[in-house]
Each structure stands twice: as structure tokens, then as C-alpha cells.
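What Swiss-Prot records for this protein:
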BINDING   D40, E230  Mg(2+) binding site
ACT_SITE  D40  active site
BINDING   G41, N42, R43, R44, W45, S85, A86, E87, R92, R211, R217, I218, S219  substrate binding site
ACT_SITE  N88  active site, proton acceptor
Amino acid sequence: MAKDVITRALLRPIYKIYEKILWSQIKDGPFPFHVGIIPDGNRRWARNNRLPLDQGYYTGYVKLRDVLTWILEIGISTVTVFALSAENCEKRTQQELSMIFKYLKIGLDELLTSDLVHKYQVRVKAIGMLDKLPEDLKKLVVDLESTTEKYNKKKLILAICYGGRQEILDAIRKIMNDYKLGIIDSKSIDESTFRKYLYDQELSDIDLLIRSSGEIRISNFLLWHLAYSELFFVDVYWPDFRKIDLWRAIRSFQKRKRNFGA
């Protein structure tokens, strides 16, 4: 571990130079409008560094705060973070969920008073099976959403206890109910109608999805919104995610020709 710390310290000046080179390549855009983030690898990072699991979640939380700052500073309009999947919400041990909820609470508390949120006028919203959250977290979500609902320049979506299939199933159930009530008819159901029944009907499609930890999959995240997304997988655990990784993801996005299925 000490050797790794020394290596990182020696490489830091090189990373700074590379960071500036990358920024010079991407600064003129275009930038993605909506970025999705799957911050994966907190547990493995802790194990690899022989640290308590709690330290992995804490370091991952701090990293997320940094990355959101970088993203807002360069003008990206919408960010959706996969904070906790529905599967993990149901299958992780109570001890581990307590750790996750602890840092969710810290993060939501910070967002409530964050200068960054108010400076960039970020509207914050949570989506997912929020009824599974502890009562104090539910209240924080409500407070945060009501505090920022007047903002419309930027948007931060927190997917908590979220599953993409579940969202689509919930939308279908609501459509069926409205059909039975005569509110809609079958001929009126198209993509734009379906979108209105999703957790956030105003949420745009994701332009760029970034996933850390080297895993190459989307893990049931925003399935409807990922239909035409550009995907970027970075081979570092989330706590080790660097600004150069974000810049490389954006550079990759800028080099791609998007044809939206055509």
C-alpha cells in the first residue's frame, strides 16, 4: 500500500500535464447534455487497499462530490447518478445498507446547503423505489427536492433503490390504469406518451454513460433513456476515478458519430 502511495505521488505531476492536454482537446465541445454515471467499485477498492468497507463507501462519496463539481464547472446540464440499485437495496446485508444510507444522508444533507447547488441553480430529484428508504432519508429527499424545485439551469438525478425494468413495469401499470379509466386510448400510446409515465417525464435521454471499475454492462440502469447513448467504461475503481478519466470519456464522446439507430 505504501508503494502505491509513493507511485501515485510520483505520477501526479504527469497526470496534471496530461489533464491539461486533454482539456485543450475537448474544451471547445460539443459536450454531452445528459451524463449518466455508474460509480462502481467502492467495495473492491476497499478490499484491494486492505481498508474497512466503510472507508470504501466514504471515499466513493467524496469522489462523487468531486466529479459532480467537475461536471457542473464545464457546463453539462444534466447528471444522473446510479446511487443504489433496486437489487442491492434488497440483497445487501443490513449492515452494508446502513453504511450506504449513512453516506447518502451525509450527501443529501450537503446538497441542501451546497454553494455549488445554488451557484449553478441545480434542481435535485430522486427516482426509484423510495419507499424502501429509512424515514429520515425519505424526509431529506422531500426537503431537497422542494428546496431546489425553483431551479431550472441544471439537473441532478439520484437513482436510489432504482431498477430500469421496474420503472418500465410501473409505467405500464399506470398506463393500463388510465386506459381502464378512459383517460387514454390505445391509439394515443406512443413514445412521447410512454415517457410521461416514467419516474421523471422531463428527463432527457442519456448522451454519455460512464461506468467505473472495468465492468462492461449497464446493470438495469435507465433502460429507456439509454437506447441511443454512447458508453464509456473506465478500468479504475470509483474512488480512484480522476479528472483525466472524465476528460477521456468526453473526448471519446466527441469523436463518435451519433446516428441514433439509423
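Glycine is treated like the rest: Cβ placed from N, Cα and C.
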Any idea what the Cα distance is from the residue listed as 'active site, proton acceptor' over to S219 (substrate binding site), rounded to a whole Å?
11
Within 10 angstroms of the C-beta of R43 (substrate binding site), what count of other C-beta atoms is obtained when all protein chains are considered?
17
Would you count the other CB atoms within 10 A of the CB of D40 (Mg(2+) binding site), including those on all shown protein chains?
22
Which of R92, R217, the listed binding-site residues, has fewest other Cβ atoms within 10 Å:
R217
Measuring Cα to Cα, how far is G41 (substrate binding site) from E230 (Mg(2+) binding site) in Å?
21
Per residue, counting other C-beta atoms within 10 angstroms of the C-beta, which of the recorded positions N88, S219 reaches the highest number?
N88
Might you list, by sequence position, any residue in that chain lying six or more from E230 (Mg(2+) binding site) with a Cβ less than 8 Å away from its Cβ?
P32, D207, L208, L209, S252, F253, R256, R258
So, three-state DSSP: helix, strand or coil for E230 (Mg(2+) binding site)?
strand
Max CA-CA distance, Å, over listed substrate-binding residues G41, N42, R43, R44, W45, S85, A86, E87, R92, R211, R217, I218, S219:
22
A86 (substrate binding site), number of other Cβ atoms within 10 Å:
20
Three-state secondary structure of A86 (substrate binding site) from DSSP?
helix
Distance [Cα-Cα, Å, rounded] between A86 (substrate binding site) and D40 (Mg(2+) binding site):
15
